[in-house]
Amino acid sequence: MGLVVVGAGGRMGQTLIRTIQSIEGAKLVGAIERSGSPFLGKDAGEVTGIGTLGVAITDDPLPVFAKAHGVLDFTSPAASVEFAGLAAQARIVHVIGTTGCSAEDDEKIRAAARHATIVKSGNMSLGVNLLSVLVQKAAEALGPEDFDIEILEMHHRHKVDAPSGTALLLGEAAARGRDIALADNSVRVRDGYTGPRETGAIGFATLRGGSVIGDHSVILAGTGERVVLSHHAEDRSIFARGAIKAALWAHGKKPGLYSMLDVLGLNT
């Protein structure tokens, strides 16, 4: 499967390029960067330190998409919306690991999925997506009258969105377990005199610092006991492997919007 990496010069872009080389059935056929990037014109393999691959980084995505089977995208919300439209024009797979998308962004991506096969997830790791299933089941079994749900996440100092896409993914899983809407029941900020905790609320706490790739814990706190479900990312390659697995799974599927739960056969 011929894959294009967008944001090829970034941390995740370089990780994707390296990881593609080790996965059977996947081949790098294109690399995209923004206009003005210092990486333009350079070989994608040389930028990542793995030697020449014969793939030059360009800022003109559509001709590259037209010759590919799929796109791997961990960029920004605005860029991902643009790439989704181009993937729809090219009728190819678009794997989106970008976080921080607004409701309007998601609607545009959903529209693009009429013609592109899109897999979008707040986290591409296999472990986190299994964790989301466990969180949903725990939230369903341990009801709001007895257990409060708090989601704690920590990432490196450079992360620009909060809560993380993974924290929101886990919050959505907890909300599904409780049969409530996360948007109406989440608490993102606590400061000053807040009063007692509202029954059924799902709280979020965000930490930023150092080089932490991603730590997430879902705490179900009852009277006299706590259940903690956690995931700790130790290497960005877990996200790259998950994204490539998603692309290979989506290749040949009909257009539509899918998630990693679909890829893993965990969507209930």
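Just so it is clear, glycine is given a Cβ too, placed from its N, Cα and C backbone atoms.
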Quick check on the annotation: Swiss-Prot has G7, A8, G9, G10, R11, M12, G97, T98, T99, S121, G122, N123, M124 binding NAD(+), so which of E33, E145, E150 does it put in that site too? E33
I need the nearest neighbour of T166 ((S)-2,3,4,5-tetrahydrodipicolinate binding site) among the recorded positions R34, T98, N123, H155, K159, using C-alpha distances. N123
C-alpha of T98 (NAD(+) binding site) to C-alpha of G165 ((S)-2,3,4,5-tetrahydrodipicolinate binding site): distance in Å? 8
Chain-internal residues near H156 ((S)-2,3,4,5-tetrahydrodipicolinate binding site), provided their CB is under 8 angstroms and they sit 6+ positions away: R208, G209, G210, S211, V212, I213
In Å, rounded, how far does the Cα of G165 ((S)-2,3,4,5-tetrahydrodipicolinate binding site) sit from the Cα of G9 (NAD(+) binding site)? 22
Separation of alpha carbons, K159 (active site, proton donor) and E33 (NAD(+) binding site) (Å): 19
Around the (S)-2,3,4,5-tetrahydrodipicolinate site recorded as H156, G165, T166, what other same-chain residues have a C-beta within 8 angstroms of the site's C-beta center? T99, G122, N123, E153, H155, K159, D161, S164, A167, G214, H216
